[in-house]
């Protein structure tokens, strides 16, 4: 007799069986492999090609040198360095155009240095406050590359000239930076990408079919002024599609932030390394993302259709002095450039008419109308894009078909008497005898585990929010590790305990059924949002549910391999009768403890492998007391055939542990099919969305936003990521869960006690200095979160001995603290004039009131600046800027009136002439947007402030207070601007 026959409990190892070792090993490998790929996609930027492998017409070495030159200093609109950058860009553009002109086959190129356009508008479309007026003068640089199919005439030179033929393509980047950042990614990489696009499309063989407009806009950082004033240039009537290149982080991959429609998004598929998700765009729709880009002007004002591509992380370097070339790399530059080349090449080569049909809004270009889209990348190598309507239709179909298929399958199982799910027992014909099936075991196990693990994860989110709320700022992956490890350990522990006391072969089927129900509800919610609000962010729930449905269906189909319940019950009853007969014939009746464990009180089999002596050649094949129906065919009903010991051995080897004895015919390999159907797609899509969310939001705490939303996202996405493990986790060995328990303990301690900021992940604190020119006093204000703001102020020498005046900040948990600081030197005084004494002469203004009317003319000029503003204690009804254009597409004023007018000019120390009227549209007395009472505007008086701004921070000693803060602030603090100006000086005025 063979060894296997000699010992019935010896099992041949099956590497794919649903047993602990294969389940633990294969599941761990699958999860690790896909998770690592997702992480690599997010953390590793594709390498830039060598010079030899670069596309024809692209020079990355030149692009990197351009970026280094561009970021040599701060260059906000209101700085001398900004003029230098403007001149340098013109020089670089002219050099590239000359080189292309020298070569044969190059296209015509026209360069417009726009020093004529200006615009007055209200910022109601950007900010929540609708009553801030803006006057802005353009210093944009516009480059037009004529396409081979464009109108050959210079139509822009004619009075009221309009382009003929198909619309062109606009690619935009802004060359101004903030006053506290060098602008390497915001938006230096976009600017040098435009220079390389100019070189690429003027290279022989790369001539565009449709015209290409490259807009180097100036003034984006201050209310998107550069893009708005572009609307006054003739080229704004020519372009129908656009690609906006932005930077809201400081490196990594350039992300497709949002798009207007499906049709234009399809051109992004041409990108060599696509990266992004529709989730970000829906964040803007839902108001979760407050900042804006030029995208809203090109689409909302001009009616163009296009894409917004931006760097998104790390935000701790955004708008700080670490947004420089040293803290980014050529790989990130290449990623943005390759995206720009691929997308733009597709747009300028398109021959269809999708972007040239008429629109219902006559104030916008005829770019046609698109459809809402769904899009996401896969490992940064492939890109999926389709219509939201398609997703809606598929979702509705699947919501109906999924339950219907399972229902029909359940009916078929019931008809064939194999529906063990929800079956407690089986009656034997008309007799009162019943056989226990134990089919309800494991029914409520999965919802209990899901609830407990999720509640614990959310509890940890609350704990972090209370104890160390900003740890995610620098330790995002420590938080992820804590959430994931505790979820898996708790789920494993609960599943193992449940399996120990109530083992069930139906654990997988019940788990998938519950996950099916939960994901069905998720898909219903996602589908409703998609249909009613056009929100596509729940796209992953469709694929999640589809995979869960297939995996659940496999579990239901498995049940067809089981014996009929009636057949199993009859065989169990026969065995009981034979056992009773055999036992009564014995001389000694064994005690209850000696009865075989597979005989239950009602005659059903209990499973298990009780200790017994090994059979010998003289042992009966019936094995005495352990009879079985293993020899009977599952399709038989009444036939009884002699079975062999070999069948008995196969049966014993097929039943796992103490699970139901009827389960021995279940396939042992289908769990792998279910794992591969569900786990990879869930990890890829859910993991991508989870990482995108937490990466974008991990550092929102420095902006005053509660970080609980980040921890909650980690908790919920942990559940979504590892819910596919629930059908298998009870089979895991203890090694992986115990290891994860140790990781949880370590990361929990770290997350609770570690300092949340570091030199690599600094806390942003916002600076402004305000000077009262009437009495010469000044105050330095820092805005940030407590207690770290106080720690920073305590390190500043000029604040020593003073009590900082702290008030609630402009948003969320931000606090603003002020003290008397070092006086600024933004205006060079005449020798012998001590500028620390007031009054200063930095601002000149004159106010003339029209006799008999509530109208006045205010003339304002500031020294060494080109940015000022008028702030009124009560809103004025209307205003006009001398020489300004007004565009009816952009709101000029509002019914609430205008409480502030911001003035920007391309000329240094310019004089603005502003006419205001506070009579034609009076504002209700005693009302203000902040809820504070103001003076009765029915009076014929108007009071307010004349303020000028200084933003040039390139020379040490000009703003000593800022130099001091940077020098003495802790290494984990980054200084960013609090407003348009670093220094604001003001005079009070009253018009009587």
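Glycine is treated like the rest: Cβ placed from N, Cα and C.
Membrane topology as recorded by Swiss-Prot puts residue 15 and residue 806 on two different faces.
Among the candidates 186, 261, the residue that Swiss-Prot annotates alongside 174, 246 as binding Zn(2+) 1 is 186.
Per Swiss-Prot, the range carrying the annotation transmembrane segment out of 345-365, 366-386, 534-554, 555-575 is 534-554. Cross-referencing 590-610, 611-631, 632-652, 737-757 with Swiss-Prot places the feature transmembrane segment at 737-757.
Take the Zn(2+) 2 site that Swiss-Prot assigns to 186, 319: the candidate from 157, 221 listed for it is 221. Note on Swiss-Prot: of 286-306, 391-411, 412-432, the range annotated with the feature transmembrane segment is 391-411. Feature annotation (Swiss-Prot): of 121-141, 709-729, 772-792, 793-813, the stretch labelled transmembrane segment is 709-729. Within the chain carrying the topological domain 'Vacuolar' (530-533), a Cβ under 8 angstroms from the stretch's Cβ atoms is held by residues 285, 388, 391-392, 395, all 6 or more beyond its ends. Of all the glycosylation sites listed here (118, 237, 846), 118 has the Cα closest to the Cα of residue 954 (N-linked glycosylation site). Here residue 846 (N-linked glycosylation site) is positioned 39 angstrom away from residue 237 (N-linked glycosylation site), judged by their C-alpha atoms. For residue 846 (N-linked glycosylation site), the spatially nearest entry among the glycosylation sites 59, 115, 118, 805 is 118, judged by CA separation. You'll find the Cα of residue 118 (N-linked glycosylation site) roughly 40 Å from the Cα of residue 805 (N-linked glycosylation site). Comparing 391-411, 534-554, 672-692, 737-757 for CB pairs under 8 angstroms to the transmembrane segment (475-495), the maximum falls on 737-757. Following the DSSP three-state reduction, the secondary structure of residue 115 (N-linked glycosylation site) is coil. The two recorded residues, residue 805 (N-linked glycosylation site) and residue 115 (N-linked glycosylation site), show a Cα separation of 44 Å. Non-local neighbours of the topological domain 'Cytoplasmic' (730-736) in the same chain are 18-21, 23-24, 27-28, 488, 492, 495-496, 498-499, 507; each lies 6+ residues outside the stretch with a CB under 8 Å from one of its CB atoms. With every protein chain in view, the residue among the glycosylation sites 115, 118, 846, 954 whose Cβ has the most Cβ partners within 10 Å turns out to be 118.
DSSP gives residue 237 (N-linked glycosylation site) a helix state.
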